[in-house]
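Lifted from TrEMBL, the feature list:
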DOMAIN    1-272  domain 'Amino acid transporter transmembrane'
TRANSMEM  6-22  transmembrane segment
TRANSMEM  29-49  transmembrane segment
TRANSMEM  121-140  transmembrane segment
TRANSMEM  160-181  transmembrane segment
TRANSMEM  224-244  transmembrane segment
TRANSMEM  250-270  transmembrane segment
Amino acid sequence: CHFPDLIYMILFGVVQVFLCQIPNFHKLWGLSILAAAMSFSYATVGFGLGMAKVIENGKIKGNLGGISASTSLTQTQKVWRMLQGLGDIAFALPYTSLVLEIQNTLKSTPPENVTMKKANLLSLSVTTTLYMLCAFLGYAAFGENAPGNLLTGFGFYEPYWLIDFANACIVVHLVAAYQVFCQPIFACVEGWFSHIWPDNKFINKGVPIRIPLCGSCRVNLLRLCWRTAFVVSTTGIAILFPLFNDVLGILGALNFWPLVVYFPVEMYIAQNK
(Lines of atoms letter the chains of each structure in order from A and count residues from 1; the text may use other names and numbers.)
(Lines give C-alpha, C1' and ligand atoms only; values in the text may rest on other atoms or scores of the structure.)
Protein backbone atom coordinates (compact mmCIF):
# COMPACT_ATOMS: atom_id res chain seq x y z
CA CYS A 1 0.00 0.00 0.00
CA HIS A 2 1.78 3.14 -1.22
CA PHE A 3 0.76 6.68 -0.39
CA PRO A 4 2.43 10.05 -1.08
CA ASP A 5 4.65 11.52 1.63
CA LEU A 6 4.28 15.04 0.26
CA ILE A 7 1.06 15.90 2.11
CA TYR A 8 2.54 14.82 5.45
CA MET A 9 5.67 16.89 4.92
CA ILE A 10 3.54 19.94 4.13
CA LEU A 11 1.38 19.36 7.23
CA PHE A 12 4.54 19.09 9.34
CA GLY A 13 5.71 22.43 7.94
CA VAL A 14 2.35 24.09 8.63
CA VAL A 15 2.47 22.96 12.26
CA GLN A 16 6.01 24.33 12.59
CA VAL A 17 4.98 27.74 11.18
CA PHE A 18 2.69 28.17 14.18
CA LEU A 19 5.06 26.67 16.76
CA CYS A 20 7.93 28.83 15.52
CA GLN A 21 6.15 31.87 16.93
CA ILE A 22 7.07 30.70 20.44
CA PRO A 23 9.23 33.70 21.46
CA ASN A 24 12.40 32.04 22.72
CA PHE A 25 14.11 28.92 24.03
CA HIS A 26 13.04 29.63 27.63
CA LYS A 27 9.39 29.06 26.67
CA LEU A 28 10.06 25.59 25.26
CA TRP A 29 10.25 23.66 28.53
CA GLY A 30 6.88 21.98 27.90
CA LEU A 31 7.79 20.90 24.36
CA SER A 32 11.20 19.73 25.57
CA ILE A 33 9.66 17.48 28.23
CA LEU A 34 7.18 16.15 25.66
CA ALA A 35 9.98 15.36 23.18
CA ALA A 36 11.99 13.52 25.84
CA ALA A 37 8.95 11.46 26.86
CA MET A 38 8.18 10.56 23.24
CA SER A 39 11.79 9.57 22.56
CA PHE A 40 11.85 7.34 25.63
CA SER A 41 8.53 5.78 24.60
CA TYR A 42 9.33 4.82 21.01
CA ALA A 43 12.88 3.69 21.90
CA THR A 44 11.43 1.40 24.56
CA VAL A 45 8.91 -0.01 22.08
CA GLY A 46 11.70 -0.49 19.52
CA PHE A 47 14.05 -2.53 21.66
CA GLY A 48 11.12 -4.36 23.29
CA LEU A 49 9.88 -5.57 19.89
CA GLY A 50 13.47 -6.40 18.91
CA MET A 51 13.86 -8.58 22.00
CA ALA A 52 10.52 -10.29 21.29
CA LYS A 53 11.62 -10.98 17.70
CA VAL A 54 14.91 -12.52 18.87
CA ILE A 55 12.99 -14.79 21.27
CA GLU A 56 10.57 -15.72 18.47
CA ASN A 57 13.45 -16.54 16.09
CA GLY A 58 15.16 -18.63 18.73
CA LYS A 59 18.57 -17.35 17.65
CA ILE A 60 20.59 -14.17 17.22
CA LYS A 61 20.98 -13.12 13.59
CA GLY A 62 23.87 -11.14 12.16
CA ASN A 63 27.55 -11.33 13.01
CA LEU A 64 30.47 -9.12 14.02
CA GLY A 65 31.59 -8.79 10.40
CA GLY A 66 28.35 -7.15 9.27
CA ILE A 67 26.97 -7.94 5.82
CA SER A 68 28.54 -11.12 4.47
CA ALA A 69 30.64 -11.27 1.30
CA SER A 70 28.03 -13.50 -0.33
CA THR A 71 25.71 -10.54 -0.96
CA SER A 72 25.85 -8.30 -4.02
CA LEU A 73 27.51 -5.46 -2.07
CA THR A 74 30.98 -4.48 -3.17
CA GLN A 75 33.68 -3.62 -0.65
CA THR A 76 33.30 0.07 -1.54
CA GLN A 77 29.55 -0.03 -0.88
CA LYS A 78 30.15 -1.77 2.44
CA VAL A 79 32.67 0.90 3.53
CA TRP A 80 30.21 3.61 2.45
CA ARG A 81 27.46 2.10 4.62
CA MET A 82 29.82 1.91 7.60
CA LEU A 83 30.72 5.60 7.17
CA GLN A 84 27.03 6.44 6.83
CA GLY A 85 26.34 4.63 10.11
CA LEU A 86 29.06 6.65 11.83
CA GLY A 87 27.46 9.80 10.42
CA ASP A 88 24.09 8.77 11.87
CA ILE A 89 25.72 8.27 15.29
CA ALA A 90 27.46 11.65 15.01
CA PHE A 91 24.10 13.27 14.27
CA ALA A 92 22.37 11.54 17.19
CA LEU A 93 24.71 12.62 19.98
CA PRO A 94 26.22 16.14 19.53
CA TYR A 95 24.05 18.97 20.81
CA THR A 96 26.73 21.64 21.04
CA SER A 97 24.52 24.33 19.53
CA LEU A 98 22.01 23.85 22.37
CA VAL A 99 24.34 23.69 25.37
CA LEU A 100 24.58 27.45 25.99
CA GLU A 101 20.84 27.93 25.49
CA ILE A 102 20.09 25.14 27.96
CA GLN A 103 22.57 26.51 30.49
CA ASN A 104 20.97 29.95 30.23
CA THR A 105 17.69 28.48 31.51
CA LEU A 106 19.30 27.20 34.74
CA LYS A 107 19.19 29.00 38.07
CA SER A 108 22.50 30.07 39.57
CA THR A 109 22.30 28.06 42.80
CA PRO A 110 23.90 25.54 42.52
CA PRO A 111 26.30 26.90 39.85
CA GLU A 112 25.18 26.30 36.26
CA ASN A 113 28.29 24.33 35.33
CA VAL A 114 27.74 21.88 38.21
CA THR A 115 24.12 21.29 37.21
CA MET A 116 25.12 21.02 33.55
CA LYS A 117 27.72 18.32 34.25
CA LYS A 118 25.15 16.23 36.09
CA ALA A 119 22.60 16.78 33.32
CA ASN A 120 25.16 15.77 30.67
CA LEU A 121 26.06 12.59 32.51
CA LEU A 122 22.43 11.58 33.03
CA SER A 123 21.15 12.49 29.57
CA LEU A 124 24.03 10.93 27.62
CA SER A 125 23.89 7.76 29.73
CA VAL A 126 20.14 7.30 29.18
CA THR A 127 20.29 8.25 25.48
CA THR A 128 23.23 5.97 24.71
CA THR A 129 21.69 3.04 26.59
CA LEU A 130 18.33 3.32 24.79
CA TYR A 131 19.84 3.82 21.32
CA MET A 132 22.37 1.01 21.71
CA LEU A 133 19.63 -1.36 22.88
CA CYS A 134 17.60 -0.50 19.78
CA ALA A 135 20.62 -0.97 17.52
CA PHE A 136 21.85 -4.24 19.03
CA LEU A 137 18.44 -5.89 19.39
CA GLY A 138 17.31 -4.70 15.95
CA TYR A 139 20.39 -6.23 14.34
CA ALA A 140 20.03 -9.38 16.44
CA ALA A 141 16.40 -9.68 15.30
CA PHE A 142 16.85 -9.10 11.55
CA GLY A 143 20.57 -9.47 10.82
CA GLU A 144 21.50 -8.31 7.32
CA ASN A 145 17.86 -7.49 6.54
CA ALA A 146 17.47 -4.95 9.35
CA PRO A 147 15.63 -1.87 8.01
CA GLY A 148 17.08 1.63 8.38
CA ASN A 149 14.29 2.43 10.83
CA LEU A 150 12.91 -0.46 12.88
CA LEU A 151 9.47 1.08 13.37
CA THR A 152 8.79 2.86 10.06
CA GLY A 153 10.78 0.48 7.85
CA PHE A 154 8.28 -2.35 8.36
CA GLY A 155 10.61 -4.56 10.31
CA PHE A 156 7.65 -5.27 12.58
CA TYR A 157 3.99 -5.68 11.61
CA GLU A 158 2.33 -6.73 14.87
CA PRO A 159 0.93 -5.69 17.25
CA TYR A 160 -0.46 -2.98 14.98
CA TRP A 161 -1.66 -0.70 17.77
CA LEU A 162 1.75 -0.67 19.47
CA ILE A 163 3.63 0.12 16.26
CA ASP A 164 1.12 2.88 15.43
CA PHE A 165 1.60 4.30 18.93
CA ALA A 166 5.40 4.26 18.53
CA ASN A 167 5.20 5.98 15.14
CA ALA A 168 2.91 8.63 16.60
CA CYS A 169 5.53 9.18 19.31
CA ILE A 170 8.17 9.65 16.60
CA VAL A 171 6.06 12.31 14.88
CA VAL A 172 5.41 14.23 18.11
CA HIS A 173 9.08 13.96 19.06
CA LEU A 174 10.20 15.38 15.71
CA VAL A 175 7.69 18.23 15.95
CA ALA A 176 9.07 19.24 19.34
CA ALA A 177 12.72 18.53 18.47
CA TYR A 178 12.51 20.82 15.44
CA GLN A 179 11.70 23.70 17.76
CA VAL A 180 14.39 22.82 20.30
CA PHE A 181 17.09 22.84 17.63
CA CYS A 182 15.79 25.85 15.67
CA GLN A 183 15.26 28.29 18.53
CA PRO A 184 19.02 28.96 19.01
CA ILE A 185 19.24 29.74 15.27
CA PHE A 186 16.27 32.09 15.53
CA ALA A 187 17.77 33.84 18.57
CA CYS A 188 21.15 34.27 16.85
CA VAL A 189 19.71 35.82 13.67
CA GLU A 190 17.18 38.04 15.46
CA GLY A 191 19.78 39.22 17.96
CA TRP A 192 22.09 40.14 15.09
CA PHE A 193 19.33 42.15 13.38
CA SER A 194 18.49 43.94 16.65
CA HIS A 195 22.14 44.83 17.15
CA ILE A 196 22.49 46.26 13.63
CA TRP A 197 19.16 48.16 13.62
CA PRO A 198 18.24 48.81 17.29
CA ASP A 199 15.62 51.47 16.45
CA ASN A 200 13.83 49.66 13.64
CA LYS A 201 10.19 49.05 14.61
CA PHE A 202 9.80 46.13 12.20
CA ILE A 203 12.59 44.30 14.03
CA ASN A 204 12.12 45.33 17.65
CA LYS A 205 8.44 46.20 18.15
CA GLY A 206 5.39 43.99 18.51
CA VAL A 207 2.10 44.60 16.73
CA PRO A 208 -1.07 43.89 18.76
CA ILE A 209 -3.30 41.35 17.03
CA ARG A 210 -6.64 40.14 18.30
CA ILE A 211 -7.24 36.39 18.01
CA PRO A 212 -10.85 35.15 18.27
CA LEU A 213 -11.55 33.26 21.52
CA CYS A 214 -7.95 33.82 22.67
CA GLY A 215 -7.81 37.56 23.30
CA SER A 216 -5.04 39.78 21.95
CA CYS A 217 -1.31 39.20 21.66
CA ARG A 218 1.70 41.11 20.35
CA VAL A 219 3.34 39.72 17.21
CA ASN A 220 6.85 40.68 16.16
CA LEU A 221 6.86 41.16 12.37
CA LEU A 222 10.49 40.11 11.91
CA ARG A 223 9.84 36.93 13.87
CA LEU A 224 6.70 36.22 11.86
CA CYS A 225 8.27 36.76 8.43
CA TRP A 226 11.76 35.33 8.96
CA ARG A 227 10.74 32.25 10.90
CA THR A 228 7.97 31.44 8.43
CA ALA A 229 10.45 31.75 5.56
CA PHE A 230 12.87 29.47 7.42
CA VAL A 231 10.23 26.76 7.93
CA VAL A 232 9.05 27.01 4.31
CA SER A 233 12.62 26.65 3.03
CA THR A 234 13.46 23.65 5.24
CA THR A 235 10.17 21.98 4.31
CA GLY A 236 10.97 22.53 0.64
CA ILE A 237 14.42 20.98 1.06
CA ALA A 238 12.87 18.00 2.87
CA ILE A 239 10.47 17.47 -0.03
CA LEU A 240 13.31 17.63 -2.57
CA PHE A 241 15.57 15.25 -0.59
CA PRO A 242 13.34 12.73 1.23
CA LEU A 243 16.22 10.39 2.10
CA PHE A 244 16.12 10.15 5.87
CA ASN A 245 19.18 8.11 6.85
CA ASP A 246 21.35 9.45 4.02
CA VAL A 247 20.64 13.05 4.98
CA LEU A 248 21.22 12.32 8.68
CA GLY A 249 24.62 10.83 7.92
CA ILE A 250 25.70 13.87 5.89
CA LEU A 251 24.42 16.34 8.49
CA GLY A 252 26.13 14.39 11.24
CA ALA A 253 29.45 14.52 9.41
CA LEU A 254 29.08 18.26 8.70
CA ASN A 255 28.15 19.04 12.32
CA PHE A 256 30.70 16.83 14.01
CA TRP A 257 33.97 18.42 12.91
CA PRO A 258 33.36 22.14 13.66
CA LEU A 259 31.17 21.71 16.76
CA VAL A 260 32.85 18.76 18.48
CA VAL A 261 36.47 18.99 17.34
CA TYR A 262 37.49 22.38 15.96
CA PHE A 263 35.74 24.95 18.16
CA PRO A 264 36.39 23.27 21.55
CA VAL A 265 40.11 22.92 20.72
CA GLU A 266 40.33 26.53 19.53
CA MET A 267 38.53 27.78 22.65
CA TYR A 268 40.92 25.81 24.87
CA ILE A 269 43.95 27.26 23.06
CA ALA A 270 42.60 30.81 23.32
CA GLN A 271 41.68 30.43 27.00
CA ASN A 272 45.03 29.01 28.05
CA LYS A 273 47.08 31.13 25.59
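Cβ atoms are placed via backbone N, Cα and C, with glycine included.
Whatever TrEMBL says is automated annotation, not expert-curated.
Looking at which of 6-22, 29-49, 160-181, 224-244 has the most CB pairs under 8 Å to the transmembrane segment (121-140), the answer is the stretch 29-49. Among the listed stretches 6-22, 160-181, 224-244, the one sharing the most Cβ pairs under 8 Å with the transmembrane segment (29-49) is 160-181.
Below 8 angstroms of C-beta separation, residues 12, 15-16, 19-20, 22, 25, 28, 31-32, 34-35, 38-39, 41-42, 45-46, 49, 97-98, 151-152 of the same chain, each at least six residues beyond the ends of the transmembrane segment (160-181), sit close to that stretch.
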